[in-house]
Amino acid sequence: MGKNVVVLGTQWGDEGKGKIVDLLTEQAKYVVRYQGGHNAGHTLVINGDKTVLHLIPSGILRDNVKCIIGNGVVLAPDALMKEINMLKERGIPVEERLLISEACPLILPFHSALDIAREKARGNKAIGTTGRGIGPAYEDKISRRGLRVGDLFNAELFAEKLKEVMAYHNFMLTEYYKVDAVDYEQTLSDALALADYLKSMCVDVTELLDNARKAGEPILFEGAQGTLLDIDHGTYPFVTSSNTTAGGVATGSGFGPRHLDYVLGIMKAYTTRVGAGPFPTELLCEVGDHLGTKGHEFGATTGRKRRPGWLDAVAMRRAVQINSVSGFCLTKLDVLDGLKEVKICVGYQHPDGTISKVTPLAAEGYEQVTPVYETMPGWSESTFGATFLEQLPQAAINYIKRIEELLETPIDIISTGPDRNETMILVSPFN
């Protein structure tokens with residue numbers, strides 16, 4: 001029987017999920033996105049050729065894989081078309097490989113307009129969203145006024161629903177945020193123009209995945225963002241608007257949770273964060289500059305510079321608990337090459353002097369703690385491109401083993417470079 005594997009980020013996103021999903025899809029028949037939208041940025045490097053995907057699952061470059069956008073994903077038709085056209089220009093037969101749930105909420109121009117207006121109004125209290133309308137689209141879904149992909153297939157009803165929801169949002173844009181309204185006729189025309197094309201790719205995702213499971217076909221679920229950005233379990237309110245954790249797989253795809261076999265947590269050998277929000281182990285020093293420069297830490301979606309810091313084992317321990325992580329993939333180990341010492345945060349010191357090994361409830365709690373570090377020797381040798389554990393310097397192996405001890409979870413895969421083949425798979429999630 002085939003295994004059903006979840007790949008998700010355990011930090012604040014940007015852990016290197018895209019590369020690992022692409023690598024593992026060699027053994028998968030289906031790759032499923034189950035949450036988020038085109039705020040994700042998954043970078044694949046194959047034989048030096050770089051591809052950045054925001055909405056389409058990372059298995060799209062494999063000719064043996066069907067890629068599915070599940071109901072938990074908020075879908076911007078214009079962003080999807082841009083990505084499809086980019087791939088088609090490179091000779092990828094997207095229509096043969098991509099399938100979409102009719103239940104995906106739509107992101108429309110007024111969602112992006114609201115997102116941008118809100119961030120501007122917040123001033124120095126901005127959340128740091130991508131401005132792509134993700135949050136407002138999820139709000140409409142929860143408020144039961146959102147439009148979904150399937151609504152496009154009844155033009156008259158879609159027009160009626162769109163008029164109602166746009167009247168509401170345009171009032172907010174013009175009267176509260178004092179910005180221009182979004183044009184209804186243009187929004188309607190642009191959306192309906194893609195209706196037939198999108199309909200040709202729509203399927204009953206729950207039925208499809210359940211049949212695949214019964215047939216023993218391996219399925220890979222691809223998470224976006226990271227655990228610490230989860231709407232419920234992250235550094236609230238500096239979070240995304242979806243459940244980025246393993247529990248989101250079932251709700252965002254319609255796949256039964258009892259049938260998930262393995263959860264692979266992707267974790268950098270250090271930590272980064274994009275945008276605003278608390279970050280206990282952030283390094284505002286030369287070491288931070290080293291990590292940011294050597295790790296090419298710029299967001300794949302926004303281009304924003306990422307904030308680097310040491311690995312936070314306290315936060316990673318919570319990620320293990322929330323996600324039932326079976327094993328980790330440690331990425332960007334090579335970025336630590338050349339450092340005299342490396343540190344791991346093993347506790348949080350609170351203002352009253354007490355030390356805890358659990359994460360606070362929300363952002364305010366994170367902002368009050370000071371990291372307690374364990375220091376280990378660094379290594380001068382290069383780990384870049386290593387494909388066998390024996391090729392690593394002993395100090396790097398010791399660092400890996402210490403992480404495993406602290407998290408009580410094995411590191412099953414180690415990434416030592418951006419390319420597909422710069423990876424050592426110690427234990428395959430599908431085996």
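Just so you know, glycine gets a Cβ as well, placed from its N, Cα and C.
The IMP site recorded in Swiss-Prot includes Asp14, Glu15, Gly16, Lys17, Asn39, Ala40, Gly41, His42, Arg144, Gln225, Thr240, Arg304, and the single candidate from Thr129, Thr130, Thr206, Thr293 that the record places there is Thr130. If you draw a 10 Å sphere around the CB of Lys19 (GTP binding site), it holds 25 other CB atoms from the protein chains shown. In sequence order, Ala269, Thr383, Leu392, Ala396, Ile400, Ile414, Ser415, Thr416 constitute the residues six or more apart from Leu333 (GTP binding site) in its chain with CB-CB distances below 8 Å. As a whole number, the greatest separation of Cα atoms within the IMP-binding residue list Asp14, Glu15, Gly16, Lys17, Asn39, Ala40, Gly41, His42, Thr130, Arg144, Gln225, Thr240, Arg304 is 34 Å. The Cβ of Gly13 (GTP binding site) lies under 8 Å from the Cβ of Ala40, Ala224, Gln225, Gly226, Leu229, Val274, each on the same chain and at least six residues away in sequence.
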